[in-house]
Structure formats: structure tokens, C-alpha cells
Amino acid sequence: MQTEEDKKNVVRLQDLVDKLQFKVKAYKRQAEEAVTYRGKKRIEAPPHIFSISDNAYQFMLTDRENQSVLITGESGAGKTVNTKRVIQYFATIAALGGKKAEPTPGKMQGSLEDQIVAANPLLEAYGNAKTVRNDNSSRFGKFIRIHFGTTGKLSSADIETYLLEKSRVTFQLSAERSYHIFYQLMTGHKPELLEALLITTNPYDYPMVSQGEITVKSINDVEEFIATD
């Protein structure tokens, strides 16, 4: 027969399991998906990275304390994708009620939220590569700070990177690939860059980036280069 203490332990265990539920069941790009988790308790919505993100956001507002979201796991577990979803969620929720910035000649367009989300393709181009287990494996660590105003409005963000796998620049296993940016450049999408860098569109001209695979079925290097640019 369960004692009262046993029941409490079961509740604590379930609470821990819920908090570790980082698996995203459905990857929807629409902002409406993020909004459905806003202000919901964990028992009121299915396990989702947006739910974890909203918990951190709500605790920050109510407790007035910094919050941390630790995303970890083995290669291919979904760390990179879930990191993007956390940023997407904060950017979407923090932008509610806000107005888009007016266009200013000579400056990057879009709101701060848009610019933070748009930084991901650039980070992935220079820091992600194909490994044996993952076509888009992050080969470096990231510490991301997202700053909010007193009302919960997103105010700024900064990203620290560390432990970049530098050896991959000059050596890859047969089933792997170097960093995406090299192959994006050699797509020929921006001829002026090829001319400026004095490179060709043939990766096999450069042993440094052609020891492994040069194309990845799940990645369109042209589309990714457009996002990076």
C-alpha cells in the first residue's frame, strides 16, 4: 500500500519527467502554434518544447528572476532544432502587441525578434556539418542570452560560441562533410563571391573539403545559402 510519502515521490518524479520532455512532436512554423502554449500549465497542454519555453518565460515575469533552459543530448537527439524552437517561441511571444519597426534606409529591416531568429542560419552555416549520425550536427557549443524588458518585451540578445571542432576544417571521415558554408559558397549562387574569393564551384578542386561527402540529400545548399546571406 502506498504511503503519503510514496505518492509525493511519484508526483516529484513525474514533474521531473515532464520538465525533461524536450521532444517536439510537430514542427510547425506558424506563430499560431506558439501562441497556443502561452500561459498554459504543463498539465493543460501536451509535452512540447514551446511548453517548456513558456514556463521559463512566465516564471521570469512572475518571479522577476533569470531563467535557464539547458538543451543537451547525444548527436542527432535534436538539440539544434529545439534551440531554434526556443528562440522562435520567445521571439513570437515577446513580439505580441508590439509594432514592426519602420524601415530605415541603409539598415537591416525587420524587428529585433525577426533578426534574432534570422541569426540561426548564419550560425549553422559556419558551425554545423554532416556527421555519420546527423546531417546538420552542431559542432560547437552555444550560450545564448535573451534579454527582456520589465513588461516581457524582447530587448536584445547575444550569443557566445565555444569548443568549435576546428579539425573538421581540414579533415572529414568518408561519410561526413565539413562545415556547410564551404559548400554553400561553391553552389555558384553568388558569382561575385566566387570571383572575390578566387574559388571554383567544384569541391573536388579542394582536398580540404572533399575527403568525405560533398552533398547531403536532406540539405539544399542553394536554399541554405540564401538564408545565410
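Cβ coordinates are placed from backbone N, Cα and C, and glycine is handled just like the others.
Listed in TrEMBL for this protein:
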- Gly73, Glu74, Ser75, Gly76, Ala77, Gly78, Lys79, Thr80: ATP binding site (BINDING)
- 1-229: domain 'Myosin motor' (DOMAIN)
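Listed in sequence order, the residues Asn134, Ser137 complete the 8 Å Cβ shell around the ATP site centroid, once Gly73, Glu74, Ser75, Gly76, Ala77, Gly78, Lys79, Thr80 themselves are left out.
Within the same chain, the residues at least 6 positions away from Ser75 (ATP binding site) whose Cβ sits under 8 Å from its Cβ are Thr131, Arg133, Asn134, Ser137, listed in sequence order. With a cut-off of 8 Å between CB atoms and residues at least 6 apart in sequence, the same chain places Glu124, Asn128, Asn136, Ser137, Ser138 near Thr80 (ATP binding site), listed in sequence order.
Mean pLDDT for the domain 'Myosin motor' (1-229) in the predicted structure: 83. Here the binding-site residues are Gly73, Gly78, Lys79, and the one with the most other Cβ atoms within 10 Å of its Cβ is Lys79. DSSP assigns Ala77 (ATP binding site) to coil in the three-state reduction, placing it in neither a helix nor a strand. Summary: among the binding-site residues (Glu74, Ala77), the fewest other C-beta atoms within 10 A of the C-beta are counted at Glu74. All protein chains included, Gly76 (ATP binding site) registers 14 other Cβ atoms within 10 Å of its own Cβ.
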